[in-house]
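This report concerns only the one structure given below.
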Amino acid sequence: MSLASIRRLAAGAAVIAAASGGAVYLSPSVASSDKGGGPILDSLRRRLGDPTASVPSRSAQESALIAATASDPLDVLVIGGGATGSGVALDAVTRGLRVGLVEREDFSSGTSSRSTKLIHGGVRYLEKAVFNLDYGQLKLVFHALEERKQLIENAPHLCHALPCMTPCFDWFEVIYFWMGLKMYDLVAGPRLLHLSRYYSAKESIELFPTLARKGKDKNLRGTVVYYDGQMNDSRLNVGLACTAALAGAAVLNHAEVVSLITDDATKRIIGARIRNNLTGQEFNSYAKVVVNAAGPFCDSIRKMIDEDTKPMICPSSGVHIVLPDYYSPEGMGLIVPKTKDGRVVFMLPWLGRTVAGTTDSNTSITSLPEPHEDEIQFILDAISDYLNIKVRRTDVLSAWSGIRPLAMDPTAKSTESISRDHVVFEENPGLVTITGGKWTTYRSMAEDAVDAAIKSGQLKPTNECVTQKLQLLGSYGWEPSSFTTLAQQYVRMKKTYGGKVVPGAMDTAAAKHLSHAYGSMADRVATIAQEEGLGKRLAHGHPFLEAEVAYCARHEYCESAVDFIARRCRIAFLDTDAAARALQRVVEILASEHKWDKSRQKQELQKAKEFLETFKSSKNAQFNDGKHN
């Protein structure tokens, strides 16, 4: 860090401030997105606020897709059940359109469950905007800030503000980062979560006890802290899909598109041939427009029309690791501002553990990507320079890789320079493809895709987009203190076994977990725990209850053991060995819910074990409640 960098930052800040002017506080999408809705939105909000409301059954959803014939098609058929695809389904159905969605695996089974768990407010775009005097990058900052704010408000039980600390071992670094983040505060305006601030070295150590006092022969001068958003990504994705289902969309996971249907006369895409991967049954489902939101696999959908289609996806691998809770204090993240190859690495508290990452490298597209050992070691090396504790490979509880579907730029030489922004295009009539983007902006991406679908199919929505102000399932009536109701009602419950009275398994930690994972639906899970004898924990040291398996099977389209351990409950991501120990009981409960025979139970166990093998934990490490023994 140099004086020249600080001068350049100051000069760029002045130009950006002058260029943006009053637009800093402008939020043009709010007014347009808050219009309309009418009876459709009113009805949905009543269902979302009804604690007894349930999504349609899986068989009913499949029947609705089959009922979409050539003479009576859907308005929109979405391929892909990740954040973008589920967002498209929710946007379209709340505009009064007839909507279907199919996902070949599970909601959030791909990239959407393998994120850094951050809802970025575009702080890195601001740095590029300042140094490159790029107003386009500044607009991305405005957009990310607005979408972050709305996402946190629309799913408050799953999203929250998180302070992130940047260590400074040079006074120039202190000035540089402080100036940059104060400019960020100014640009954020009413979208700001909390003001950034400087902490002295002593204050920083009190806030983050494992922070290194020295780095590269320099003493810690202090830290600069700003706030970003954090989320439970896959549960947010499942919430999107279930909200869309409650609104009337026919959503079906474990349903794969095997081919697209083309009108022989017009050559327009008019539907898809779909295979139910649980039963093997195939059927046609027709639609006026098909939206390809298959993430890293969107090129494979495009190639169903033309095998020679030029790829639009540049796949990038992002690896994360999970460490015990003592690596980071609860409620404070750490940013490694520059690794040996110039990247940024985050170390964040998440669901009682610490998640660290990520990497950024070219990769091939696969349904179950695996982290390489050198990528895991890269992250460990990056954080070790900033911590005063020994960072060990044996502390890794879980490690996973996700594939970012970056929009291809043929002139780019590395994935870091390829745009993270999204692209919507229609190269074949009737097939709208959306790719790129990031979790933070999924909602506006979906809005753009639905706008394109309406134009393509000359559809007639009953109202404009309403998703900006639409709270998701579990959000209505939820408060941060909602867990206390669960604690007071269920913590002291007693059960009698053979005349011996023992306390129920639910404690305050479990009550907090249920409240944040399920929001206002948590009471239904607690009731199952109490009334059906499913109050035991699935794995020691984790708050997940047996009742969650039953609830997710009944109300969240949980159709496999992997669906549960990876995406309904996050135990596979948090602690691979604990997930393996919980597997048998998870399969037993799912078997009871779905009437599986012994053969199916054996298959589920094997598939789940193979899935867990892709999470590179430390087999020789022994943990208890996230602490190393």
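Along the chain as shown, the residues are counted starting at 1.
Every residue gets a Cβ built from N, Cα and C, even glycine.
Going by Swiss-Prot, these are the annotated features:
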type: BINDING; residues: 75-103; note: FAD binding site
type: TRANSIT; residues: 1-48; note: transit peptide
Item checked: Set of same-chain residues at least 6 away whose C-beta sits under 8 angstroms from D75 (FAD binding site) -> A92, L97, R98, V99, A287, K288, V289, A453, G457, L459
Check: Which of the three DSSP-derived classes (helix, strand, coil) applies to I79 (FAD binding site)?
Finding: strand
Notebook entry, point to check: Ranked by the number of other Cβ atoms within 10 Å of their own Cβ, which of the binding-site residues I79, A83 ranks first?
Noted result: A83
Notebook entry, point to check: Non-local Cβ contacts of E103 (FAD binding site) (under 8 Å, 6 or more apart, same chain)?
Noted result: G80, G81, G82, G85, S109, V251, L252, N253, H254, A255
Checklist line | Same-chain residues at least 6 apart in sequence whose Cβ lies under 8 Å from R95 (FAD binding site) | finding: V450, I454, P461, T462, N463, E464, C465, V466
Note to self: Are there any residues at least 6 positions away along the chain from G87 (FAD binding site) with a Cβ closer than 8 Å to its Cβ? List them or say none.
What the structure shows: L240, Y442, R443, M445, A446, T467
Item checked: Reduced DSSP assignment, D91 (FAD binding site) -> helix
Note to self: At a 10 Å cut-off from the C-beta of V99 (FAD binding site), count the other C-beta atoms across all protein chains.
What the structure shows: 30
Next item on the list: Would you count the other CB atoms within 10 A of the CB of D91 (FAD binding site), including those on all shown protein chains?
Entry: 32
Next item on the list: According to DSSP, folded down to helix, strand and coil, what is E103 (FAD binding site)?
Entry: strand
